[in-house]
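Take a look at the structure set out below.
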Ligand code: HEM
């Protein structure tokens with residue numbers, strides 16, 4: 001079981017309490033698709049992804065970016081039982097969507113970049129440590145139902 005310090009808990013809660021989901025979610029997913037283009041293969045039904053501008057202006061991608069970010073709320077609200085919180089989403093991404101689980105880490109990295117750019121100096125080393133740990137636990141939980 002993962003142990004969280006009070007400081008880690010308050011940093012994670014603080015990041016999400018101040019997060020603009022409609023801004024950060026689309027930016028993180030768009031970066032993922034642009035910087036790591038093989039991740040586009042799962043979004044074939046989303047329309048034009050042919051250029052970085054097309055991806056950044058794609059409303060379906062933007063909406064899905066918001067949805068993914070809200071998917072992380074589940075972990076924030078269940079810090080002591082993240083595996084259980086993600087068991088259904090893990091099955092979905094593995095059995096139904098066949099998303100390569102390496103991509104979870106990649107998306108997490110893109111999210112880190114976007115949040116860091118947004119927070120500027122407030123994204124301290126302590127903030128990055130707590131957020132990185134949080135993402136590692138989420139990525140592990142999402143990968144649990146792969147077989
Ligand atoms: C932080 C990691 C991730 C979280 C929290 C997450 C969360 C979610 C959520 C909440 C949904 C909607 C499920 C539903 O409709 O019931 C979803 C669907 C989906 N996810 Fe993820 N996801 C993550 C990573 C990824 C990655 C890395 C990819 C591919 C590169 C991906 C591809 C998809 C696709 C293709 C769908 C279905 C979209 C659709 O139905 O239009 N996800 N994800």
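Sequential numbering from 1, following the chain as shown.
For all residues, glycine too, the Cβ spot is worked out from N, Cα and C.
According to TrEMBL:
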- 3-147: domain 'Globin' (DOMAIN)
- 46, 64, 93: heme b 1 binding site (BINDING)
- 46, 93: heme b 2 binding site (BINDING)
- 67, 93: heme b 3 binding site (BINDING)
Between the binding-site residues 64, 67, 93, where is the Cβ count within 10 Å the lowest?
67
Quick one: average pLDDT across the domain 'Globin' (3-147), no decimals.
97
For a quick check of understanding: given the listed heme b 1-binding residues 46, 64, 93, what is the maximum Cα-Cα distance in angstrom, as an integer?
17
Distance [Cα-Cα, Å, rounded] between residue 93 (heme b 1 binding site) and residue 67 (heme b 3 binding site):
14
Helix, strand, coil: count each for the residues of the domain 'Globin' (3-147), based on DSSP.
114 helix, 0 strand, 31 coil
Chain-internal residues, separated by at least six, CB under 8 A from residue 46 (heme b 1 binding site):
58, 60, 61, 64
